[in-house]
Amino acid sequence: MSLLHQARFFTTVNHLRDLPATAVPEVAFAGRSNAGKSTAINILCNQKRLAFSSRTPGRTQHINFFTVAPVKAPDPVGFLVDLPGYGYAEVSGSAKFHWQGLLSDYVQARTQLSGLILMMDARRPFTDLDCQMVEWFLPTGKPIHVLLTKADKLTTSDNAKALRETRKVLADYAAQMENPPALTAQLFSSLKRRGIEEAQRVVAGWLALPEAQPAVAKSDTPDTPQG
């Protein structure tokens, strides 16, 4: 069983000064308010109510931390970080300013952050705000993995087109950098449970979870007799 299934709520942060003073790796989840971010986190962790999904898009304007650790372990081995959804028009100007500052400062300056899972609706990838998030994060030199959510809403050919175009945009970003990080993408559907294992492997690798390490094959050489 994936250690992600053991994820538990840890804390909510509304100011950078309140970020946990920890040293373990973190994986952040970002996306527009209607991209299915909370639902995807819940299904990756095989839980129904881990990440809260507000009935009003854009309502959640703080950062939620979830620990990843074996049962009864004294300390976490990593954190999943649910960032505020962005792009909802009805959020007030002052709240939006604070919220965007919190987002940009966290993704640009958090040294514990190992990678960014960026969720985009497969029907509308790379909106202006999605591009802004990528451009905030790229200078860190850390990887981005795009989940094209709600893939069940598209035909097979439209999904293939969306994935191809997304990978091209990522390749264009990489071409502008001297030493680009890994910029990858996949199709994802919480409803159809599509792409879950692929996304779990990415997150587990970034958190250096034991499940991400290849199994060590036993030696075929018999033990040398002692004495």
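Placement of Cβ uses the backbone N, Cα and C atoms for every residue, glycine included.
Lifted from Swiss-Prot, the feature list:
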- 23-209: domain 'EngB-type G' (DOMAIN)
- 31-38, 58-62, 82-85, 149-152, 185-190: GTP binding site (BINDING)
- Ser38, Thr60: Mg(2+) binding site (BINDING)
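This view paints the features noted in Swiss-Prot onto the structure.
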| residue | record | contacts (Cβ under 8 Å, 6+ apart) |
| --- | --- | --- |
| Gly31 | GTP binding site | Lys37, Gly85, Tyr86, Leu118, Met119, Met120, Asp130, Thr149 |
| Ala35 | GTP binding site | Gly85, Met119, Met120, Asp121, Thr149, Lys150 |
| His62 | GTP binding site | Thr12, Val13, Asn14, Pro84, Leu102 |
| Asp152 | GTP binding site | Ser189, Leu191, Lys192, Arg194 |
| Phe188 | GTP binding site | Ala40, Met119, Ala122, Leu147, Leu148, Thr149, Ala151, Arg194, Gly195, Ile196, Ala199 |
Reading the DSSP string in three states, the entry for Ser38 (Mg(2+) binding site) is helix
Fewest-neighbour residue among binding-site residues, criterion Cβ within 10 Å, set Ser38, Gly85: Ser38
Tell me, by DSSP, whether Asp152 (GTP binding site) is helix, strand or coil? helix
